[in-house]
Each structure stands twice: as structure tokens, then as C-alpha cells.
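> What follows is a single structure, and I will ask about it in a moment.
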């Protein structure tokens, strides 16, 4: 599923991401834009053999199990396939686990490079939330 910007903002808010660990909703919508273009089916192979999955491009080396990444940790305790569902509940649950890990949203390279330190409120502007 490819979410509309405001539709995604509303879903993320409903699932408790607004100000989760101090990150406003705009940060999450911005990250999703640059990670997946709001597409839950997005996948991306990395040079280390791991794959990133879903709307927030969550990585199989650390966070989910795809059955083929060597030495995978699966810290979210989920198969990576659930991160590709239209329903983003599991992706958000895992994202909360990731952002609580000490490095915050810096875990997402796209957030670090494109969202951090910018006016992320523009990502939710005009949305009825």
C-alpha cells in the first residue's frame, strides 16, 4: 500500500508515534517519505547482505528475520514479511523498539540526512489530526 501523507500521519498518530521518545509526528512522516516514499511494500538490499523492509525500511540484520541474513539478531521478534503489510501496526511497534535503543532516530540514515534539524512540521501541515 502506498499511503497518502496525511493518511500515514493519522495512522502513525493513532499508533502512538507522535512525540514518542520526544520525536514529533513530522519526524516519522519525513523518515517514511525518504525511506520508502510511503510504500509499505518497499524493500532494499544492502551491501552486507541484509535487506530493509517496509514503510520505515527496517533492517533484517538487527530487527526482523527474513531467514537468510547471516547472524541476524531479530530484536523485534518478527518475520520481516509482516513489515510489508498494508497495516503498519507491526512496523510501528518495531520502530518504537529501534528508537528506544539509544541512538534515537539516527538509526534511520534517511532521517539523519534529510529530516534531522529541518522544519519537519511541514510533513503534517494541512492534515486533520
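Every residue gets a Cβ built from N, Cα and C, even glycine.
Taken from Swiss-Prot, the feature domain 'C-type lysozyme' applies to 1-129. Swiss-Prot lists 6-127, 30-115, 64-80, 76-94 with the feature disulfide bond. If you look up Swiss-Prot, you'll see 35, 52 marked as active site, on the strength of sequence analysis.
Quick one: how deep are these features, and who are their neighbours?
When other Cβ atoms within 10 Å of the Cβ of residue 127 (disulfide bond) are tallied across all protein chains shown, the result is 17.
Annotation for residue 115 (disulfide bond): same-chain Cβ neighbours under 8 Å, separated by at least 6 residues, are 27, 30, 31, 34, 105.
Secondary structure at residue 35 (active site), taken from DSSP and collapsed to helix, strand or coil, is helix.
Annotation note: residue 52 (active site) sits in a strand segment as assigned by DSSP.
In this structure, residue 80 (disulfide bond) is part of a helix by DSSP.
Within 10 Å of the C-beta of residue 76 (disulfide bond) there are 22 other C-beta atoms, taking all protein chains into account.
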> Go through 6, 30, 64, the listed disulfide-bonded residues, and name the one with the sparsest Cβ surroundings, counting other Cβ atoms within 10 Å.
6
> Rounded to a whole angstrom, what is the C-alpha distance between residue 127 (disulfide bond) and residue 76 (disulfide bond)?
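A Cα-Cα distance of 30 Å.
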> Compare the C-alpha of residue 64 (disulfide bond) with the C-alpha of each of the recorded positions 6, 52, 76, and give the closest one.
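Checking each of 6, 52, 76 against residue 64 (disulfide bond), the shortest Cα distance is to 76.
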